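Enquirer: I am attaching a structure below and will ask some questions about it afterwards.
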Amino acid sequence: MAYSEKTEDESVIETDLRHLEQAAPESREKVQGTEVGEVLPRPSNDPNDPLNWSWWEKHLALSVVAAQTFQGGFDAGSASAGLIQQSAIYQVSVSRMLQATSAFALLMAFGGCIWVPFAHRYGRRPILILAALIAAMGTLAGAVGQTYGVFVGSRILLGFGASASMSLGSLMVTDMFFTHERGQKMGIWIVFFAASPYLSTLLDGLVVYYADWRWMMWVTFFMWCLQLVWDVFLLPETLYQKRGDIDPVPQKESWLHRLRFRRFDGHLTAEDFYKPFMLWKYPSIIFPAIYYGNMYGFCAFASLGILPYAFPEIYGFSPIGQGLMALPLFLGTVIGEPLGGPFSDWVFRIRSRKAGARHPEQRLQAIWPGAIVVPVGLAMLGLFLHFEVHWIGPAIAIFLFSLGMQNVVTVVITYSVDCYTPLAAEIGLISNVGRQLCSFYVFFYLDAFIVRAGFGWVFGTYAIAITLLFGLILSLMKWGMLWRQKLALPSYAHAARG
């Protein structure tokens, strides 16, 4: 069939395949345990290439970076149950305490703008070690500080240190894993940061009830110290700059040799720090970030934000009861992960096999469970709180939208990385900026919004808003391929390995 005789969809798929081949050359190597006949990206013949590492080496590195990502989310919720006690000590309102938490969210958002360029030039390992050290200093300041100003400063320092793994996690997944398994591995990383605020809120309630809120600060300090030890002794460098096969094939490095600090080609320029902001014109990156960011703010941060006063006022919950209300958030996240990672990989394989070609929009069809369940759960929470239904009602609603949110986040982030694999770090950064900015404005206005409108209208508004924002994802399902063909990759992205 001549090119002029092809349908528009066939032409787009053909062009899309050429784009994928340029970003990540194919190899006709059979992948054990999958139905995919091609391995993307193509590994080199170097045994030190992270794509060629053994299963345990890859998953140990993934576990360490996932643990550091867990720390960032854990710190986000670590002050929830103790906010009222802290506000009394610092002699400020609960709203001011929430604003300090918003400052943490801002640094979590934009800290990656500093970390990502350095990680491209100097490697992932030294950046994560330095970030863990800074975060440990921030938690120590929060534990010993006596004033509101010190508390704000500690949250800023902590947010900056914790932001590194939030932006670099998706990059390190693409450093080590192939396209056909990327949804599952990305889901492992995502579930760690998604579930961590809920576990910290649960633990925070127990610690505040039985001891004191400062003990929670000490817990986070010791956790960061442990993370620092893991980074130093268990995290190898995943940045690999060599391209193609090597002759002669080098010897496999020992584990200790992989832990050394390395020098990489290239140098840091001022341009490296604003490159991520050049990607805001790409719908396949910015639309998922907007959709997921608002969903995270409406679901996770709003539900955590109401714990200190909604449940004590309506249900008479103690700090330990407030913390236990984070349990349905955690359970929904963990149970919902199979709907995001493995399910999206399965949908991607099935639809690509039927179409005879692979393109990233096929993965978006796995998002429907979350897109339906999240607004339903938000509306239920608002109604149950408004009519003061038994506390099990809000717990079920929270479980539902957290389950759906986990499905959504894994699908949309993996989709963006599938579209522009060489830009995985920048995609992680933009997703994190979207999540934290939306969390910032939700937290900043949450108290005043509830006072003026009530719980029913607040969460009802969130349900309507997230339903309307799903239109962005629908547009990607229909026109995403065409938009990607019209918007070429930035010139600097071609130097990266797909």
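The backbone N, Cα and C atoms fix where each Cβ goes, glycine too.
Owing to the predicted nature of the structure, the values given are computational and were not obtained by experimental measurement.
Checked TrEMBL, it gives:
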COMPBIAS  15-32  compositional bias 'Basic and acidic residues'
DOMAIN    61-483  domain 'Major facilitator superfamily (MFS) profile'
REGION    1-46  region 'Disordered'
TRANSMEM  97-116  transmembrane segment
TRANSMEM  128-150  transmembrane segment
TRANSMEM  156-174  transmembrane segment
TRANSMEM  186-209  transmembrane segment
TRANSMEM  215-235  transmembrane segment
TRANSMEM  285-311  transmembrane segment
TRANSMEM  323-343  transmembrane segment
TRANSMEM  364-385  transmembrane segment
TRANSMEM  391-417  transmembrane segment
TRANSMEM  457-477  transmembrane segment
Enquirer: Flag the pair the transmembrane segment (97-116) / the transmembrane segment (156-174) as in contact if three or more Cβ pairs fall under 8 Å (sequence separation 6 or more).
Expert: yes
Enquirer: Near the transmembrane segment (215-235), which same-chain residues lie under 8 Å Cβ to Cβ, leaving out any that are not at least 6 residues past its ends?
Expert: 60-61, 64-65, 67-68, 71, 74-75, 78-79, 82, 125, 128-129, 132-133, 135-136, 139-140, 142-143, 161, 200, 203-204, 207-208, 259
Enquirer: Are the transmembrane segment (457-477) and the transmembrane segment (323-343) near each other by the rule of at least 3 C-beta pairs under 8 angstroms (pairs 6 or more apart)?
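Expert: Stretch pair does not touch.
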Enquirer: Would you mind listing the long-range same-chain contacts of the transmembrane segment (391-417), meaning Cβ under 8 Å and 6+ residues beyond its ends?
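Expert: For the transmembrane segment (391-417), the list is 170, 173-174, 182-183, 186-187, 190-191, 194, 198, 284-285, 288-289, 291-292, 295-296, 299-300, 303, 311, 315, 317, 325, 327-337, 339-341, 343-344, 360-361, 363-364, 366-367, 369-378, 380-381, 384-385, 424, 427-428, 431, 473, 476.
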Enquirer: Which stretch, 128-150, 285-311, 364-385, 457-477, tops the Cβ pairs under 8 Å count with the transmembrane segment (186-209)?
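Expert: Looking at each of 128-150, 285-311, 364-385, 457-477 in turn, the most contacts to the transmembrane segment (186-209) are made by 285-311.
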Enquirer: If you average pLDDT over the domain 'Major facilitator superfamily (MFS) profile' (61-483), what do you get?
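Expert: So the average pLDDT across the domain 'Major facilitator superfamily (MFS) profile' (61-483) works out to 88.
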